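Listed in Swiss-Prot for this protein:
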- 1-99: topological domain 'Lumenal' (TOPO_DOM)
- 100-120: transmembrane segment (TRANSMEM)
- 121-126: topological domain 'Cytoplasmic' (TOPO_DOM)
- 127-147: transmembrane segment (TRANSMEM)
- 148-212: topological domain 'Lumenal' (TOPO_DOM)
- 213-233: transmembrane segment (TRANSMEM)
- 234-238: topological domain 'Cytoplasmic' (TOPO_DOM)
- 239-259: transmembrane segment (TRANSMEM)
- 260-292: topological domain 'Lumenal' (TOPO_DOM)
- 293-313: transmembrane segment (TRANSMEM)
- 316-336: transmembrane segment (TRANSMEM)
- 337-422: topological domain 'Lumenal' (TOPO_DOM)
- 345-364: region 'Disordered' (REGION)
- 423-443: transmembrane segment (TRANSMEM)
- 444-449: topological domain 'Cytoplasmic' (TOPO_DOM)
- 450-470: transmembrane segment (TRANSMEM)
- 471-496: topological domain 'Lumenal' (TOPO_DOM)
- 497-517: transmembrane segment (TRANSMEM)
- 518-526: topological domain 'Cytoplasmic' (TOPO_DOM)
- 527-547: transmembrane segment (TRANSMEM)
- 548-589: topological domain 'Lumenal' (TOPO_DOM)
- 590-610: transmembrane segment (TRANSMEM)
- 611-942: topological domain 'Cytoplasmic' (TOPO_DOM)
Amino acid sequence: MAVPSAAIKASGVDMGDLKKRHDTKLDVEESVIDEKINENESDEKLTEKLTEKLTEKLTEKTSTEPIAYVGKCPDGTTFIVPETEDMLTNLFDPRITKSLTDVIIVSILVTFMGLFFVVPKSWRVPLYLFLFAAWRLAYNGGIGWLLHNQSNYHKLTKWALKYKVFDKDNKTWWHQLIKREFETRFQNQPNYSFYEVPVEFNTWILFRHVVDLILMSDFTCYFMLAWSCALSVRTNQPWWLVIGRWLAGALMLAFNLWAKTDAHRVVKDYAWYWGDFFFLKDMELTFDGVFEMAPHPMYSIGYAGFYAASLMACSYTLFLASLAGHAAQFVFLSIVENPHIEKTYNPHQPKQRRKASHVRDRSSIQLGLDQKQKDELSAIVEGDESVSIASTPISTTFDEPETVQKHSLPPLVVFSNFQITRVTDIMTVGAAVYTMLLYFLPANRLWYTVTFFMALSARLFHTLGLGVILRRQSERRSFTKTFLKFGIYPFEAYEQWQVWYNVSTVLSYTTFGLFCLRQWRAPSTDPLWPLKYILGALLIALHGWTSKSIHDSLGHFGWFYGDFFLDRKQNLTYSGIYRYLNNPERFFGIAGIWGLALMTNSPGVGILAFLWTLEGMAFIKFVEQPHMQRIYGTSIRHDAGVTKTIKNSLKLPSPFEKRVRQFQGSVDKVINDTLTVVEEFIGLAKPTLNEVVNDSKILLRQYPAKLTLTRMLDVPENIDTADYSVKLVGGEKCADSNRISYAFGTPIHVKWQASPNRSAKDWIGLYRVHDNTSPEVTSLPSKGRWSGIDETGHESHLDGIVSSSKTNGEVVFRGDTLFWECGVYEFRYHHAGKHTVLSTSEPFEIVAPKIDLSGEVDAKTLALEILPIVQRCFSLSMEFPPEEVDDYWALEEPKVINRVQAAVQAYFNVELAQEVLQSDESVENLAERLLRIRDALKGLTV
């Protein structure tokens, strides 16, 4: 049910060649025109009459002729997609003819409700809790498993083809039953024919029947669980609290109903039933309404009804069951739907080849400023009286390491990206640990005051201190000019700022956490402590998710306010969490602070949380908003997705709307006047507008295929292992070991022979010689280093097949199917998809002769020697390998980076971090780095 946050354009199908567009051709009757002309009516009246006539015909056409959409299957087949109805209409609308499955589903639902009146009262809650858990598992686990296999392997479609579910030649009773069911459902659809539509569409319809049963059973069991919990709970709450609970619950239920209905309005049945897992549909969706309020609204705010029922029932049992069910839905989203969305709508595109950028003078780094920028830089420094400049003119060249200008290691974000070689990282962690050790101080008034003011001062420094630095940097580039004074270029100044900001962030949270821990007391005396702890934990989780979403959207550059320090052209876009909120950190970004205040129930923590909130709002108004206005100007939006949706939904009558606007204006005036006083007090009075920040795309991880171990299968008696053999092709003889050897990363060809009655699922795996102790069975997984021998035997790992017949063939191992490290290996021929070994090749070696750097070798010569090694590392990669030593290499795929890293280790006995390799950009740069490492190691003793 999740959909990508962009309009779906399923395929590049030429609609004109496939179907007639339902264009509305409005032919105005000549009699109408003649009549108006004869009556000598004015042009204005004539135009008005014609417009009314056109509108009537347009309405008539659009209401009588439904829009037909074209679907496209994975094999390229196109078809007109028959119109479908939603789940509730199919099951409960008496005007629609019911199929047998509809009757069965409704009967099952009635049975679930009937159990309420049959079982004893004490059994109702456990029974429905078990049923809800079972159907929720069937939903997230069962449907998730089916969709995962359909997305990656088209498993459901292949099953339908394998068992001839929709084949005209199938005469079985169940085939006739399915045919009758489908024809009943589409009896009024002229575009549907059971045997003519693609198998993907019929498979999807059959899958929908299963989904209907699971989803309706899940909902019914949850509803009966909620009803049972409501009847089993007895509270002594006052009447006004009970009415308040039910009123709030009813409002949440109404919101939940609107969210689901509006989401279905946008995505239709096609996305509601995961149609794009089966075929793509030519339709453009406008993601407005509920899709502008929250990401994946059907799985996020669309579950508000769960918590409404828990509130109305006043049951912790139902509340915890709702939390578990909701959490399972997010697991389903992250494991099943998000990878499919990324693969379908955001496929990886290889980069175009380009030349690597070179630094002209290796002894210095050019900032790349033109004459105008140099003059502006001089004016910046000369215009600040606090910066004294020597008589030497301003220089735009700084003696800095090459890697600083080109690429640097990712900065420390809280504790992420920790580097043991960076002293600042070690000091940051040490400061956090040292702060938390203060927890063991005596619990008295003195240390209460000390820890309180530690937390307060850390936050004040983070918002007020760093806020002043950012404000002055935005207005006068004060921070950068301070570094320019000492000959340090802007990027280095920005790196120092990153350390400042991260240390301040860490100390803000650790000092606040320390104070909370010291204020925590056992909650045994508070009757509402379970609710407070659950809500507190949820607020903390919301805080963490918001912070991660902000970082994912902004990247390191936006997280550390990079546009305050570096002149980088940015386009202001709104995606990720910023599609829904202008300032998510304003409220959601402090949710965990209030969660801890709720859990500790301490006045001191509450005061800190209140001040934390005010400081954050002041930071946004006085620092971020003026800078964003200065940089982006009129491109800043005023209303975020949530605000716009609420405004569009709440259309009040004119008198009420006028009063609401007057009240809103009064409140805004009070807030603005208060903020203006504070602004004038600190001397930062500037006009303000709504703010927004940069957006970056969220990349999803790719999951490598893995070979699952299965049990050993005994060799049939009619198979003679002597008929099987695996022989190596090519290679060179090692002088010392007398083994065949292959150069590091070189493709290895293998010829095999087999018995005529071999299995199509036989396969060959690559292993280290001593990893498997038994010659008869392989005990370790191949981890993807295997190849099938017959294209009909496996669904994957068939790219390595060079030739294949019944008794012999040839396969090639390259790319991911190779070991990218030196050692002694062997190939094993396995029987029938199992791990029973029928033949083993002779041992061979993967070698990497050491390249000597001790002599006088120049970078160009060394680069030419490294180039073929690097090219092999790009085997079966989506990136272009470099063709020349100065070609830019796209080291973005993790597997390619790992291979280059292993190659450098093997050939030069030098270990380089992946980030360093990415910074080199070309083979020539890598060669230069290796020569610099050689020079640096001269004179050192090991």
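Sequential numbering from 1, following the chain as shown.
Backbone N, Cα and C define each Cβ position, glycine as well.
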Is the number of Cβ-Cβ pairs under 8 Å between the transmembrane segment (527-547) and the transmembrane segment (316-336) three or more, considering only pairs separated by 6 or more positions?
-> yes
Do the transmembrane segment (423-443) and the transmembrane segment (497-517) share at least 3 Cβ pairs closer than 8 Å, excluding pairs fewer than 6 residues apart in sequence?
-> yes
Counting only residues at least 6 beyond its ends, the same-chain positions whose CB falls under 8 A of a CB in the topological domain 'Cytoplasmic' (444-449) are 438, 518, 604
Quick one: find which recorded stretch in 100-120, 127-147, 213-233, 316-336, 497-517 has the most Cβ pairs under 8 Å with the transmembrane segment (450-470).
-> 497-517
Any chance the transmembrane segment (127-147) and the transmembrane segment (293-313) have 3 or more Cβ pairs under 8 A, given the pairs are 6 or more apart in sequence?
-> no
Restricting to the same chain and to residues at least six past its boundaries, which positions have a Cβ under 8 Å from a Cβ of the topological domain 'Cytoplasmic' (121-126)?
-> 224-225, 228-229, 231-232, 317
When you scan the chain for residues with a C-beta under 8 Å from the transmembrane segment (590-610), skipping those not six or more beyond its ends, what do you find?
-> 448, 452, 455-456, 459, 512-513, 515-516, 519-521, 523, 526, 532-533, 535-540, 542-544, 546, 616
When the pLDDT values for the topological domain 'Cytoplasmic' (518-526) are averaged, what is the result?
-> 79
Which bits of the chain, at least 6 residues beyond where the topological domain 'Cytoplasmic' (518-526) starts or stops, bring a Cβ under 8 A of a Cβ in it?
-> 439, 443, 447-448, 451, 532-533, 599-602, 604-605
Count up the helix, strand and coil residues in the topological domain 'Cytoplasmic' (121-126) according to DSSP, in that order.
-> 6 helix, 0 strand, 0 coil
Other parts of the chain folded back onto the topological domain 'Cytoplasmic' (234-238), taken as Cβ under 8 Å at six or more residues beyond its ends = 245, 314
Using DSSP, break the topological domain 'Cytoplasmic' (518-526) down into helix, strand and coil residues and give each count.
-> 5 helix, 0 strand, 4 coil
Helix, strand and coil counts within the topological domain 'Lumenal' (148-212) (DSSP) | 41 helix, 0 strand, 24 coil
